[in-house]
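Everything below concerns the one structure shown next.
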């Protein structure tokens with residue numbers, strides 16, 4: 001009798017569609033659909049058709065960082081509670097390897113020849129953030145950001161005082177300069193400091209070094225040159241590793257690390273350590289990371305836009321396009337990319353100002369190919385007219 005009642009009740013649950021996510025078998029399958037395999041898909045984005053957890057995904061072709069994060073994520077069965085370790089140590093690997101000289105020490109010297117670091121880690125369960133910006137003399141930027149998250153009630157520390165905090169937490173102070181970064185700076189100064197980030201100053205920043213002073217022209221008569229083609233973003237000039245890790249229980253962390261824009265004005269901070277700009281995570285929805293022209297991208301909070309677009313029902317690939325299209329409406333010459341992932345492990349990417357954008361993914365769908373490289377072709381100027 002009781003057995004018949006249980007069978008009847010189970011059948012009713014199935015018919016009503018109220019079976020919980022935990023009782024639904026997970027589909028171990030992820031295909032980044034290339035632009036050539038699905039005609040209906042725009043050439044601006046790529047997306048998985050099914051979720052697959054746990055997973056790690058990061059910007060650019062930084063496979064070693066992804067592989068380490070993937071190993072850490074699977075230290076315990078299902079990667080449970082390992083997402084923070086995975087993201088922090090994955091990005092740390094890139095800092096140590098000086099990935100393309102755009103992450104970590106010894107790259108992207110500012111106008112004075114100094115390398116400074118920006119990094120962030122965000123917890124999608126608590127919405128807590130730890131970040132550092134303009135970090136001087138400390139190599140472990142994202143580990144310091146983790147200490148901000150775990151040992152303070154703040155969200156961000158900056159500059160020399162961030163470095164003092166790091167030393168108090170046990171981090172070693174050392175020079176971030178290398179022979180390569182010094183040579184990079186010397187070549188730049190020998191070329192009359194070209195290109196640079198100055199405008200509306202004298203002497204003319206397009207042909208000479210500073211020091212500069214503001215023009216006396218009234219503000220209403222200033223002509224702003226918004227073109228940034230001198231700083232086209234791509235291989236060897238893309239600034240940031242952004243990484244997302246999700247475990248089998250849908251716990252999410254997202255993080256970034258960068259040494260910023262090459263030859264930046266000292267004191268400049270880009271999008272990488274800014275929540276909603278460089279990265280954003282919310283366990284209820286998913287996460288997103290961004291890379292590219294940070295000075296422009298941070299004005300639009302593209303990773304927050306992507307997560308909120310997924311909350312509103314858009315698929316990850318569509319959500320990644322939201323911020324990209326919003327930015328390209330105002331800045332035709334910007335270059336950048338966004339990766340979006342929902343809480344089930346479905347992912348997508350969109351980019352602009354480049355031919356294509358590579359990224360790296362690890363998940364259970366292809367255990368024989370961990371840290372596999374995938375790419376997406378970018379939105380063109382004509383496609384970007386259709387702003388979301």
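Just so it is clear, glycine is given a Cβ too, placed from its N, Cα and C backbone atoms.
Residues annotated as active site, nucleophile in Swiss-Prot, with similarity to another entry given as evidence: 240. As annotated by Swiss-Prot, substrate binding site applies to 268, 269, 270, 271, 291, 292, 293, 294, with the evidence given as similarity to another entry. Marked as disulfide bond by Swiss-Prot on the basis of similarity to another entry: 94-99, 193-209, 351-378. Under the heading signal peptide, Swiss-Prot lists 1-20.
A count of other CB atoms within 10 A of each Cβ picks out 351 as the most crowded of the disulfide-bonded residues 99, 193, 351. Cβ-based crowding with a 10 Å cutoff singles out 94 as the top-ranked of the recorded positions 94, 209, 269, 378.
Residue 292 (substrate binding site) falls within a strand segment according to DSSP. Between the binding-site residues 270, 292, 292 has the most other Cβ atoms inside 10 Å of its own Cβ, all protein chains included. In this structure, the CA atom of residue 292 (substrate binding site) is 13 Å away from the CA atom of residue 378 (disulfide bond). Using a 10 Å radius centred on the Cβ of residue 294 (substrate binding site) and all shown protein chains, the other Cβ atoms total 28. Look at residue 240 (active site, nucleophile): DSSP puts it in a strand. Within 10 Å of the Cα of residue 99 (disulfide bond), not one of the recorded positions from the list 193, 291, 351, 378 places its own Cα.
Taking residue 291 (substrate binding site) as the reference point, the recorded positions whose C-alpha atoms are within 10 Å of its C-alpha, out of 94, 240, 378, are 240.
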